[in-house]
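Chemist: The following feature annotations were taken from Swiss-Prot:
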BINDING   GLY104, SER105, ASN106, GLY107, LYS108, SER109, THR110  ATP binding site
Amino acid sequence: MFSFYFNDNKITKLLMVGYGSTGKSVCDFLANFIDITVDISQNDDEFVNYDLGSYDLITVSPGIPLNKSPYRVLTKFKDKIVSDIDIFYQYIKDTKAKTIAVTGSNGKSTVVTMTDFVLKDLGYKSILVGNIGTPALNKIGEKFDYCVVEVSSFQIDLFNCVRFDLGCIINVSPDHLDRYQNFEQYKQSKLNLAKFSNDFFVYDVHNNGIKYAGEYQIIRGAIYRNSTKLLDIAETKLFGEHNLENIIVVLNILDRLGLDINQAIDSIKKFKGLEHRCKIVKKVNGTTYINDSKGTNVGATIAALNSITNSKNIILLLGGVAKGGDFSLMIKSLDKYVKYVYIYGADKEYIESYIKGYCKYQLCNNMKQAFELASQKANSNEIVLLSPACASFDEFSGYAQRGEVFQNLVAQLEQKS
């Protein structure tokens, strides 16, 4: 066994703040080293008892709110704070592996998953880590050609010395305003990814015209490279113009990696998309039920509404924990595509205050009641869409469980029909 070094400095004492999946991955990794003491702070009461200045390094889990007491004090020790991805980078930086980091409010999970899928389909060894669910350090012993990393703004705030070969920001819209003072601060957190990337591009920041599309453009539901048609959405297993936008981001990533785009197009045609992201569950009694439980902010729900239909035939299930979201931003899409809204969850009155007077709606006790009322109201050729624009932890363990419950409710409805 060896001692643990970070930036060529021997680390003998480390404090871990937070012990979720990320914290556990750090702890498991450090178990491979000797001469290091690791203290773990798992809650507020424990944290205040530690002398932060006595530690060589402090690792902080992304879920720890640095803007709230008692954790604000951590900002005074910025030079000691590292993320799990910084540690991961220290141990792969001298290999030939390429690292790609993607952040954004909406679409980043689709982009990183599609990128990883294409790389593997082209015959490369690729790993997918980060905010998508697998901590980077869990993959430290594997050999790979490419490492695709989904990063959140919370993770970027913790970065110390990581250097990605390529960084990319997509689709930044208001989110996590319970954690940031305003949208500008949140957007800047995302843009800070550039400081940790050797190459970098931005594809759309809140429709402010900051968009690098390279040689690609969308014309009538298809992607063109200059004047050559590459791909029609109908040739894929995806739907909606937002997925064409996601594909353009992936193509630009692959371009910058120097890979063959024509071969990549064949791989993209096989990609099935993500669970709980604009997935058709079933058609029951002529009504189509769509699961977009991964739509956890206003921007994601707007993207779903704008992509699913050209008619005013959506019955929308909306609600959960709003995270300070600005629901007035969806009024235009509600007016154009939504027949009725069922609002549920912890912040239903908050959501109501934004959309009252702009659409027909009803408040519900929970998602199950919202579903039951929606299925009763829906007619043939209409759509019941779960795209909550909210986090799920008031009622569920996460967006995946919320989506699974929705799918089960659809299955039960089909059995009764």
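In case you wondered, yes, glycine gets a Cβ from its N, Cα and C as well.
Note that this is a predicted model, so its numbers are computed, not measured.
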Chemist: Taking the Cβ of THR110 (ATP binding site) as the centre, how many other Cβ atoms fall within a 10 Å radius?
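Modeler: 26, counting other Cβ atoms within 10 Å of THR110 (ATP binding site).
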Chemist: Return the residues near SER109 (ATP binding site), defined as same-chain residues 6+ apart in sequence whose C-beta is under 8 angstroms from its C-beta, sorted by sequence, else 'none'.
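Modeler: Result: ASN131, ILE132, GLU150, LEU274, ARG277, LYS294.
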Chemist: For the recorded ATP site formed by GLY104, SER105, ASN106, GLY107, LYS108, SER109, THR110, name the remaining residues of the chain with Cβ within 8 Å of the site's Cβ center, in chain order.
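Modeler: Surrounding the site, in chain order, are VAL102, VAL111, ILE170, ASN171, ASN246, ALA300.
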Chemist: Taking the Cβ of SER105 (ATP binding site) as reference, which residues of that chain separated by at least 6 in sequence fall under 8 Å from it?
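Modeler: Residues satisfying the criterion: ASN171, VAL172, SER173, PRO174, ASP175, LYS190, ASN297, GLY299, ALA300.
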Chemist: Where does GLY107 (ATP binding site) sit in DSSP terms: helix, strand, or coil?
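Modeler: In three-state terms, GLY107 (ATP binding site) counts as coil.
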Chemist: Return the residues near GLY104 (ATP binding site), defined as same-chain residues 6+ apart in sequence whose C-beta is under 8 angstroms from its C-beta, sorted by sequence, else 'none'.
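Modeler: In sequence order, VAL111, ILE169, ILE170, ASN171, VAL172, LYS190 meet the Cβ cut-off.
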Chemist: Measuring CB to CB from GLY107 (ATP binding site), give everything in the same chain under 8 Å that is also at least six residues away in sequence.
Modeler: ILE170, ASN171, HIS242, GLU245, ASN246, VAL249, ALA303
Chemist: Which number gives the other C-beta atoms within 10 angstroms of the C-beta of LYS108 (ATP binding site), all protein chains shown included?
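Modeler: Its Cβ has 24 other Cβ atoms within 10 Å.
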